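Below is one structure, written out as structure tokens; comments come after it.
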């Protein structure tokens, strides 16, 4: 579809959340189709995880986004979907790849939303494809468990914070989940949640550097629990790390089930977003150094630095391999 002004920021760059939402919609369509391809209980595929995705090139107002999806692996109860996003300048015909993403879905019964159904297997062209897919499945399963265990943090307001501190840029958004946000099962679309998360992370980044910012990448997004229609969700973001040209922002989503639910607030989704600061000409700008004050902030900064260095080393290794 063509990118409109309401898809973009004030500089004309399309929001990362808009692209994430399109990616998730494509993944939900293909995985739901596949899970209903054989006779059996009807179901809807629910998003469980999005692997790290890089925003390879910014997309602008007026360009056409083409999103394509392919199922690359199935386990007994999950589907791996690879999604590619390409932008097209319809005035010049120029095309470029802007995103590549890997998503995991689980099929939930239409009759019983707590029942996970079995996934029809796909046919692999070679045995190595299945082995590689199984390895990715085991890795993401382990990472999901580790992420869920460290999900007790909350963001508290700070009175009169100093510029460039964590408290200065931290932000929260409160949203009432309505029918338009939900699937046929009455739970929030993963793409809707990711779009809200990107909005909050973008506000944090813009507050910190006060320039035009764009999403550079998103670490794995883990959907720990479903969010039901009628819940009030709080999307919170805080700066965790800055390099010379990038900012890492931790974002998590907490759900309050207000309607006919005695349950306490719970952590539903968590992820790390990375942003870069751009000039009016679209060139990268230096990012102000994050000032850490508490021991927890210093610990999170070092953890973020570790993720940054790991990603940098991996990217350099890929470039060297491509050059050979």
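Note that Cβ sites are derived from N, Cα and C of the backbone, with glycine treated the same way.
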Problem set entry | region 'Disordered' according to TrEMBL, located in which of 265-294, 295-324 | 295-324
Exercise. Could you count the residues of the domain 'HotDog ACOT-type' (167-281) that DSSP puts in helix, in strand and in coil?
Worked result: 26 helix, 54 strand, 35 coil
Problem set entry | Rounded Cα separation (Å) that holds between residue 198 (active site) and residue 9 (active site) | 12
